[in-house]
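Engineer: Handing you this structure, nothing more for now.
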Amino acid sequence: MSSRDASLTPLKAVVIDDPPLRQTPEPFDEQSAYNPQSPIAIDFGSSKLRAGFVNHATPTHIFPNALTKFRDRKLNKNFTFVGNDTLLDQAVRSQSRSPFDGPFVTNWNLTEEILDYTFHHLGVVPDNGIPNPILLTERLATVQSQRTNWYQILFETYNVPGVTFGIDSLFSFYNYNPSGNKTGLVISCGHEDTNVIPVVDGAGILTDAKRINWGGHQAVDYLNDLMALKYPYFPTKMSYLQYETMYKDYCYVSRNYDEDIEKILTLENLDTNDVVVEAPFTEVLQPQKTEEELRIQAEKRKETGKRLQEQARLKRMEKLVQKQEEFEYFSKVRDQLIDEPKKKVLSVLQNAGFDDERDFKKYLHSLEQSLKKAQMVEAEDDSHLDEMNEDKTAQKFDLLDIADEDLNEDQIKEKRKQRFLKASQDARQKAKEEKERVAKEEEEKKLKEQQWRETDLNGWIKDKRLKLNKLIKRRKEKLKLRDEMKDRKSQVSQNRMKNLASLAEDNVKQGAKRNRHQATIDNDPNDTFGANDEDWLIYTDITQNPEAFEEALEYEYKDIVELERLLLEHDPNFTEEDTLEAQYDWRNSILHLFLRGPRPHDSENIHEQHQMHLNVERIRVPEVIFQPTMGGQDQAGICELSETILLKKFGSQPGKLSQTSIDMVNNVLITGGNAKVPGLKERIVKEFTGFLPTGTNITVNMSSDPSLDAWKGMAALARNEEQYRKTVISKKEYEEYGPEYIKEHKLGNTKYFED
């Protein structure tokens with residue numbers, strides 16, 4: 001890590017675990033305070049159920065609308081857990097089921113058991129059924145089959161005296177306007193959908209109401225999908241409850257989405273708006289070693305390293321000697337054939353395994369380049385090794401000039417050893433001479449460069465910049481090619497396989513014409529790769545030797561760094577931001593900022609492996625109710641729907657609102673559990689200000705807990721005896737008119753929508 005990165009303060013990571021389990025079961029209401037005449041209001045939502053007697057200010061029971069049937073194998077008994085009781089145990093919570101499938105109740109057996117649980121905890125004393133009247137919420141434009149099933153459960157199963165059905169968002173509006181004759185506009189953000197309903201004189205105008213098929217449930221699923229695409233190899237699977245926590249705690253509605261999305265992935269913005277969430281995991285702690293154990297381990301690694309270095313040096317020396325002998329042999333062959341007839345030259349070369357003279361020259365050139373490279377590597381070894389070897393072997397070369405016939409078996413073995421040591425010494429000496437020659441050439445080159453720079457600085461800078469750009473471009477192409485090679489489905493990889501197949505076919509046709517594997521260590525000596533620069537591209541295309549490819553990249557990088565150093569020193573217009581390192585700096589990578597936030601990423605850190613960064617998603621997910629197409633919904637957003645209602649309905653004209661629309665604008669209500677997302681009210685005020693005529697007064701209301709508005713509206717209606725009586729369907733009416741009967745009132749659905 002660079003010093004610049006080390007100075008950055010680490011971002012705080014928030015561990016997102018499943019919500020904690022409850023320690024106590026759902027409490028029971030006192031039966032002593034039970035009043036059989038008091039209506040019971042039940043907001044039967046797809047996420048939460050809120051229930052209580054209407055003489056209370058708030059519902060006394062709020063719990064998840066879910067049920068678990070759990071079998072205890074030890075006790076060999078079945079248990080039923082409902083609502084908050086499903087949160088008492090992790091195994092029970094993981095098996096909980098909802099009676100809803102999307103916005104509709106589909107499991108009526110679960111519904112009946114949940115109602116049993118609700119009435120029991122409310123302290124209801126049964127008297128041939130439930131003696132209390134019931135107020136129940138339903139969705140906008142609910143289907144007849146849903147209400148029919150509710151009729152059957154309430155009247156036939158529970159024998160209730162009367163029931164009131166009403167739209168949840170209109171109950172919420174009634175809570176703010178208990179007189180029942182106010183005009184306004186309701187924006188209901190629910191768990192399964194979002195509704196915009198105009199209200200005139202206290203009655204919902206359902207023919208002009210609009211629904212968006214997007215709610216809190218879809219928002220959490222959308223966040224789940226986005227994070228799964230963002231981190232496809234995340235080590236653990238996050239649960240729905242964890243994503244729900246992330247959505248509720250960290251997502252917010254942007255006041256100006258288009259502007260914010262443009263600048264959200266900047267370092268300055270991410271420092272304050274990037275949220276790091278971490279999935280819980282069990283960290284395996286390595287046992288701590290004592291200082292003595294660490295010292296012994298370090299010494300062992302050091303000894304092992306020395307042994308491996310020595311083995312590598314000896315192996316490298318063997319290769320160098322072999323290449324040197326081969327080069328000297330073929331150089332003599334080349335010199336001997338200088339004045340010979342072409343026919344004889346071709347015959348000699350073909351006997352040696354070459355196709356023609358051109359093939360021989362290419363091979364010799366490749367061998368010379370490989371030898372120079374090996375000599376340079378050998379020359380970089382410590383000089384004291386050479387001196388030690390020279391001192392030890394100077395007096396042991398006396399057997400080299402004696403014929404094998406005059407030596408015994410042990411002396412012959414010693415002679416072979418001396419021959420190898422002598423060849424090694426000669427090779428090192430030649431490597432030294434080559435190194436000195438190269439150093440001298442480099443010094444002369446530096447002097448020429450200096451003279452050129454002093455006489456023509458602009459030309460020198462132009463030349464260096466051109467060389468630097470070529471090197472960087474070539475390096476990027478190679479890196480891109482390497483990455484594509486790793487993808488078996490890429491076009492480059494497929495072309496490579498075709499080339500390999502073609503090469504294999506050619507080799508089969510040629511047969512074993514040339515067999516000189518003993519001539520060189522690197523590769524088949526007939527492979528003249530390296531004679532032309534284009535051969536390197538072919539080599540990288542086939543990638544038969546990835547080590548050589550990486551080595552070539554390393555040499556290229558050194559050349560790039562050296563050119564950048566010269567330009568930084570002598571070119572006033574070349575800065576650190578122009579260097580190759582700056583181009584690969586994580587600060588300049590939008591992808592890094594998107595995935596890893598405003599800090600460098602350590603892939604070896606176990607905590608960072610389990611972390612996700614919320615940045616774009618924080619405003620993208622809530623934005624869907626304003627732009628449903630972002631979530632795959634071919635619908636208009638809430639502000640566009642509101643604009644149509646206010647500017648094109650109820651007698652409004654372009655540039656002039658009708659009195660009804662003015663009354664609606666002055667009484668806008670935001671309600672529903674999904675309305676808790678921060679910034680929603682401010683965004684709606686801004687959007688309304690944008691499309692309404694200049695100077696229009698806007699009043700937007702939203703309670704501190706909009707999820708309770710519907711229940712409070714039901715309680716307020718029940719306390720108004722005159723209005724409540726008009727909404728109740730008695731059991732007698734149900735028996736007389738049947739399950740298709742619906743009593744129309746200002747807060748409920750109607751049987752037909754009339755144009």
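Positions of Cβ are set from backbone N, Cα and C atoms, glycine also.
Here the structure is a predicted model, which means the values were calculated and not measured.
Found this in Swiss-Prot, in case it helps:
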- Ser7: phosphoserine (MOD_RES)
- Lys12: ubiquitin cross-link (CROSSLNK)
- Thr24: phosphothreonine (MOD_RES)
- Ser383: phosphoserine (MOD_RES)
- 418-444: region 'Disordered' (REGION)
- 425-444: compositional bias 'Basic and acidic residues' (COMPBIAS)
Engineer: When a 10 Å sphere is centred on the Cβ of Ser7 (phosphoserine), how many other Cβ atoms does it contain?
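Structural biologist: Ser7 (phosphoserine) is surrounded by 8 other Cβ atoms within 10 Å.
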Engineer: For a quick check of packing: other C-beta atoms within 10 Å of the C-beta of Thr24 (phosphothreonine), how many?
Structural biologist: 8
Engineer: Tell me which residues of the chain lie with their Cβ under 8 angstroms from that of Lys12 (ubiquitin cross-link), as long as they are six or more apart in sequence?
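Structural biologist: Non-local contacts for Lys12 (ubiquitin cross-link): Val276.
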Engineer: Would you mind reading off the Cα separation of Ser7 (phosphoserine) from Thr24 (phosphothreonine), to the nearest angstrom?
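Structural biologist: That comes out at 47 Å between the alpha carbons.
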Engineer: By DSSP assignment, list the helix, strand and coil residue numbers for the region 'Disordered' (418-444), in that order.
Structural biologist: 27 helix, 0 strand, 0 coil
Engineer: Look up the residue listed as 'phosphothreonine' in the DSSP assignment and reduce it to helix, strand or coil.
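Structural biologist: The residue listed as 'phosphothreonine' sits in coil per DSSP, no helix or strand.
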